[in-house]
Amino acid sequence: MLGRSLTAVLWGMISDRYGRKPVIIIGIVAVVIFNTLFGLSTSFWMAITTRFLLGSLNGVLGPVKAYATELFREEHQAIGLSTVSVAWGIGLIIGPALGGYLSQPAQKYPKIFPKYSFCDKFPYFLPCFIISGFALTVAIACIWIPETLHNHNDSNKSKDDVEALENETDKVEKQRTVQHNENLFMNWPLMSSIIAYSIFALHDIAYQEVFSLWSVSPLGLGGLNFTTDDVGNVLSISGVVLVIYNLAVYPYVEKTCGPIGIARITGICSIPLLQSYPFIAMLSGITLYIVISIASILKNIIAVTITTGLFLIQNRVVEQHQRGAANGISMTVMSLFKAIGPATGGTILTWSQKRMDASFLPGTQMVFFFLNLVEGLGILLMFKPFLIEKKKTHPDQLH
């Protein structure tokens, strides 16, 4: 996240200048290389370095959001950006699930991966290798996707006319680049949505960290006493339901309530849901498994609904030539917030488990209370006068 925060705006500007497609392919190739090296890490600092380089060289998320916006007419942009949100959410779910199933395979599957084998020496290589293989397949497939930037209809123009038009366009773009990027910071509908989005990003990454650690914590510390496979199963179920929600439900609720309206409603509903987690831990057996699976599904649906609504606002309040840079700014701020999320969430969870007998919010009730404070701040920032939804003027209305 620190690496991404340093380069996200640069990658966004490159995608505005040279196209979304090359930046997307470069970012995915970076995953193939540095995710594999991460699985081969032999020291803490090698692991840190590979992650930093991966974040620095992977500027894919901002251009992907711009791409999804430009690929659809405005009335269908919700499904495009909700697909990005769901893909991101499923990645955050399937990633830990794969880690749970495939890490340390020599211990879990000794008949397939014997002791002293390659996977015993590098116990976290297998999940990284599987993900890198998938990323390589995606990178190759991206060669055939269409470019959405600068799609001019030049079929009836001579080669000289096309070159003259492109040269003139290049000059105008160079003259306006600095002015446009400065204006982005004066675009309050954009900046307010980025700030709100970053608060929710902090909440989501901290929640992911807390949920995984809380689930495997012993019952005496208010946890669920789950195995890593149990956590993987719960997260996998959530991922399947997210896909169904994205395709069958979200486009309709977005049209009915608006992207921010539905985000506000679901955000408010998430507060009592999250505060119920410590009480869910009091259950046992199949009842616990069913209830925590339902809670996890609802929480992930809420997260995707909120981020998709803010994605829509961010991409609708800027023009195409600014969209990459705008998403780059969004990724920079979000990455800074996400960089502190896991450590903060883990630290507060550890502290809360040391006060199991406290009179005020004992045990894990405290860590979920802190998560709700962050969520509550994000919800407040989605209301006026802070968040403003600017209506873009249709080109036909300018004549």
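Sequential numbering from 1, following the chain as shown.
Glycine too: its Cβ is placed from the backbone N, Cα and C atoms.
Taken from TrEMBL as is:
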| type | residues | note |
| --- | --- | --- |
| DOMAIN | 1-390 | domain 'Major facilitator superfamily (MFS) profile' |
| TRANSMEM | 23-48 | transmembrane segment |
| TRANSMEM | 79-103 | transmembrane segment |
| TRANSMEM | 124-146 | transmembrane segment |
| COILED | 155-182 | coiled coil |
| TRANSMEM | 185-203 | transmembrane segment |
| TRANSMEM | 234-253 | transmembrane segment |
| TRANSMEM | 260-280 | transmembrane segment |
| TRANSMEM | 286-313 | transmembrane segment |
| TRANSMEM | 325-351 | transmembrane segment |
| TRANSMEM | 363-383 | transmembrane segment |
Result, the transmembrane segment (286-313) in contact with the transmembrane segment (79-103) (3+ CB pairs under 8 Å): yes
Mean predicted confidence [pLDDT] for the coiled coil (155-182): 53
The transmembrane segment (260-280) touching the transmembrane segment (286-313) per 3+ Cβ pairs under 8 Å rule: yes
